[in-house]
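Lifted from Swiss-Prot, the feature list:
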BINDING   GLY84, ASN115  anthranilate 1 binding site
BINDING   GLY84, 87-88, THR92, 94-97, 112-120, SER124  5-phospho-alpha-D-ribose 1-diphosphate binding site
BINDING   SER96, GLU230  Mg(2+) 1 binding site
BINDING   ARG170  anthranilate 2 binding site
BINDING   ASP229, GLU230  Mg(2+) 2 binding site
Amino acid sequence: MTITPQEALQRTIEHREIFHDEMLHLMRLIMRGDMSPVMAAAIITGLRVKKETIGEIAAAATVMREFANHVEVQDNSNFVDIVGTGGDGSHTFNISTASMFIAAAAGAKVAKHGNRGVSSKSGSADVLDALGVNIDLQPDQVAASIAETGMGFMFAPNHHPAMKNIAAVRRELGVRTIFNILGPLTNPAGAPNQLMGVFHPDLVGIQVRVMQRLGAQHVLVVYGKDGMDEVSLGAATLVGELRDGKVHEYEIHPEDFGLQMVSNRTLKVENAEESRTMLLGALDNQPGVAREIVTLNAGTALYAANIAESIADGIQLAREAIASGKARAKVDELVRFTQQFKR
């Protein structure tokens, strides 16, 4: 039984759930551009007001994956995405992007899915661009990049063309909607493992259970209690972990790993150029908060990728990748590899 957009809107007004098959139908209408902008705006606002359920988010992510331009990766072992929802308002340098280079240097394969900054001063696409990486690759070129360098960056607009059908609505609404949390759930390379940062503590338990429904393998969803969508040095971090089909929720602290709790204030940047400088400083093994926080996040990603037995082991591997110069060398390797596809 399909549901009309009007019926769906009424359901959200009454704070009742839209069922899985109904949500699939509604999302397909939106992604095809077959729903009027007024109805699309009303429904996604209604969902936000009543609070989206795990089932609704999982169905929406399923459709977004259907409509994506996929990257076919042959070998799925130790394959991870490091991503944040963004929108945490912290304006820090690109910690997850720096972590990608370290994780790849330690043997993970990383499919990073990102965009230019919307809420942040520098999105992952902005800082990679500033580093000299060609971010505008076709899906087969991204697959080649992952196979060759252990890293691939998927520029969201190239992989989710159907999003243009809702872009104007989202821009005009100007508030967070379900689409703000779908990005990290819709990796076009289908990475089975993930380190996902979220902008609200409630999303830790929600997003990890959505990933469970979507068939992911090893996922850590994190929220720093100082408001960061990363594993934080400035506070405890809430973790939702999916492993072997089961979800566990717990808290970790920097001191658990022999790290000092320090404010993230010094990590703030104004633009992609400042982010680039801080990222390279951390990878060049310059002592400081930037190096420590990327070590912590890359270590967590290596645990998610099943290269490390624990976060603590991952941190040790991350330290070695930085100290040996391998992590810094990965930047030059990705620049060289992607520049050959410059159009």
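The backbone N, Cα and C atoms fix where each Cβ goes, glycine too.
Feature annotations (Swiss-Prot) mapped to structure.
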residue : record                                              : DSSP (3 states)
GLY84   : anthranilate 1 binding site                         : strand
THR92   : 5-phospho-alpha-D-ribose 1-diphosphate binding site : strand
HIS113  : 5-phospho-alpha-D-ribose 1-diphosphate binding site : strand
ARG170  : anthranilate 2 binding site                         : helix
ASP229  : Mg(2+) 2 binding site                               : coil
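Neighbour counts of Cβ atoms within 10 Å were taken for the binding-site residues THR92, SER96, ASN115; the minimum is at ASN115.
Nearest neighbour of ARG116 (5-phospho-alpha-D-ribose 1-diphosphate binding site) by Cα distance, taken over the binding-site residues GLY84, ARG170, ASP229, GLU230: GLY84. Among the binding-site residues listed (SER96, ASN115, ARG170), SER96 has its Cα nearest to the Cα of ASP229 (Mg(2+) 2 binding site). Cα separation, THR92 (5-phospho-alpha-D-ribose 1-diphosphate binding site) to GLU230 (Mg(2+) 1 binding site), rounded: 10 Å.
Between the CA atoms of the residue listed as 'anthranilate 2 binding site' and HIS113 (5-phospho-alpha-D-ribose 1-diphosphate binding site) there is a gap of 20 Å. Around GLY84 (anthranilate 1 binding site), the same-chain residues at least 6 positions away in sequence with a Cβ under 8 Å from its Cβ are SER96, PRO184, MET196, GLY197, VAL198, PHE199, ASP229, GLU230.
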